[in-house]
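*Asks:* The following feature annotations were taken from Swiss-Prot:
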TOPO_DOM  1-7  topological domain 'Periplasmic'
TOPO_DOM  29-62  topological domain 'Cytoplasmic'
TOPO_DOM  84-92  topological domain 'Periplasmic'
TOPO_DOM  114-117  topological domain 'Cytoplasmic'
TOPO_DOM  139-146  topological domain 'Periplasmic'
TOPO_DOM  168-190  topological domain 'Cytoplasmic'
TOPO_DOM  212-235  topological domain 'Periplasmic'
TOPO_DOM  257-275  topological domain 'Cytoplasmic'
TOPO_DOM  297-303  topological domain 'Periplasmic'
TOPO_DOM  325-330  topological domain 'Cytoplasmic'
TRANSMEM  8-28  transmembrane segment
TRANSMEM  63-83  transmembrane segment
TRANSMEM  93-113  transmembrane segment
TRANSMEM  118-138  transmembrane segment
TRANSMEM  147-167  transmembrane segment
TRANSMEM  191-211  transmembrane segment
TRANSMEM  236-256  transmembrane segment
TRANSMEM  276-296  transmembrane segment
TRANSMEM  304-324  transmembrane segment
Amino acid sequence: MIYVSRRLLITCLLLVSACVVAGIWGLRSGAVTLETSQVFAALMGDAPRSMTMVVTEWRLPRVLMALLIGAALGVSGAIFQSLMRNPLGSPDVMGFNTGAWSGVLVAMVLFGQDLTAIALSAMVGGIVTSLLVWLLAWRNGIDTFRLIIIGIGVRAMLVAFNTWLLLKASLETALTAGLWNAGSLNGLTWAKTSPSAPIIILMLIAAALLVRRMRLLEMGDDTACALGVSVERSRLLMMLVAVVLTAAATALAGPISFIALVAPHIARRISGTARWGLTQAALCGALLLLAADLCAQQLFMPYQLPVGVVTVSLGGIYLIVLLIQESRKK
């Protein structure tokens with residue numbers, strides 16, 4: 001029988017409840033504020049047609065994609081931090097979301113607004129970047145510090161490459177890409193969720209299936225190898241899952257920073273344990289991104305900020321607080 005601590009169970013239930021409450025609030029909020037009863041009526045198909053369209057065609061895709069993208073980024077960050085055994089191990093710092101964004105830019109310049117091409121190019125960009133960082137960091141094995149430093153260097157080069165692409169693109173493409181680069185959920189509809197959303201769901205399932213390997217790797221390479229785990233193959237497979245999660249999220253909403261870095265930290269702090277780490281990180285990531293999107297919509301009405309601006313601001317503050325706390329401990 002699997003024992004689950006009371007605090008962990010309560011934490012997960014509270015996170016789920018908070019996601020539901022924030023989701024309902026997101027369906028109520030907008031240029032026209034609705035009552036909760038009107039939202040449920042629209043979801044059941046009992047509301048006027050115009051109200052049903054506002055809720056189900058405009059607001060519901062945005063809320064669900066915020067939850068899904070946040071969960072994907074949270075799980076991706078938790079996998080990277082587990083593999084690197086380093087609190088700074090995340091796709092933001094390593095440059096993998098920048099690689100995915102490079103793929104998106106190339107697709108926009110070459111293929112315009114084709115969603116399938118954008119999603120596939122984002123994944124190719126993220127995977128190629130991760131393989132490049134992996135190969136450059138390989139020296140009879142992978143050293144975590146070397147991997148992070150090389151990732152930061154590759155990210156800097158990709159930022160320069162992306163700037164060059166924007167300068168070479170047409171004005172319309174550059175403006176569209178500039179908005180996307182800030183990380184935005186504005187204008188998300190059901191038609192724009194494919195094929196990225198199904199890919200995220202598949203990768204979340206794959207991550208759940210790899211939890212046992214991840215836990216064994218956290219015990220140390222020698223212990224994992226003694227228990228029959230192929231260390232480098234498992235590490236590469238888990239990194240691939242995390243990179244595809246990041247790339248698919250980037251294809252949907254652009255490069256949204258700090259969710260992958262912050263969500264696993266918050267999950268561990270509020271639950272006091274690393275058990276169910278991916279589940280906690282997914283719930284925290286989903287709640288953080290949805291809350292940030294609600295702030296982006298509501299704080300500066302009638303203007304809407306890109307959600308990436310809010311996540312960078314909040315994530316930067318959290319990172320500063322975290323560093324201050326760590327320095328005081330020492």
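Every residue gets a Cβ built from N, Cα and C, even glycine.
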*Asks:* Same-chain Cβ contacts of the transmembrane segment (191-211) under 8 Å, 6 or more residues past its ends?
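*Replies:* Same-chain contacts beyond the flanks: 61, 65, 68-69, 71-72, 75, 79, 115-116, 119-120, 122-123, 234, 237-238, 241-242, 244-245, 248-249, 251-252, 278, 282.
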*Asks:* Summarise the model confidence on the topological domain 'Periplasmic' (84-92) as a single mean pLDDT, whole number.
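*Replies:* Across the topological domain 'Periplasmic' (84-92), the average pLDDT comes out at 80.
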*Asks:* Which numbers of helix, strand and coil residues does DSSP report for the topological domain 'Cytoplasmic' (29-62)?
*Replies:* 23 helix, 0 strand, 11 coil
*Asks:* Does the structure show the transmembrane segment (8-28) and the transmembrane segment (276-296) touching, where I'm treating 3 or more Cβ pairs under 8 angstroms (sequence separation 6 or more) as a contact?
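*Replies:* Answer yes: the transmembrane segment (8-28) meets the transmembrane segment (276-296) with 3 or more Cβ pairs below 8 Å.
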*Asks:* Find the member of 93-113, 118-138, 147-167, 236-256, 276-296 that has more C-beta pairs under 8 Å to the transmembrane segment (304-324) than any other listed stretch.
*Replies:* 276-296
*Asks:* For the transmembrane segment (63-83), find every same-chain residue at least 6 residues outside the stretch whose CB is under 8 Å from a CB in it, and list them.
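*Replies:* Long-range Cβ neighbours of the transmembrane segment (63-83): 19, 23, 26-27, 89-91, 94, 185, 188, 193, 197, 200-201, 203-204, 207, 214, 217-218, 235, 238-239, 241-243, 245-246, 248-249, 252-253, 256, 259-264, 267, 277-278, 281-290, 293, 307.
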*Asks:* Per DSSP, what is the residue count of the topological domain 'Periplasmic' (212-235) in each of helix, strand and coil?
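*Replies:* Here the numbers are 18 helix, 0 strand, 6 coil.
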*Asks:* Across the topological domain 'Cytoplasmic' (114-117), what are the DSSP residue counts per state (helix, strand, coil)?
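*Replies:* Across the topological domain 'Cytoplasmic' (114-117), DSSP assigns the residues as follows: 3 helix, 0 strand, 1 coil.
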*Asks:* Same chain, outside the topological domain 'Periplasmic' (297-303) by at least 6, Cβ under 8 Å from its Cβ: which residues?
*Replies:* 29-31
*Asks:* Please count the residues of the topological domain 'Cytoplasmic' (168-190) that DSSP assigns to helix (H, G, I), strand (E, B) and coil.
*Replies:* 13 helix, 0 strand, 10 coil
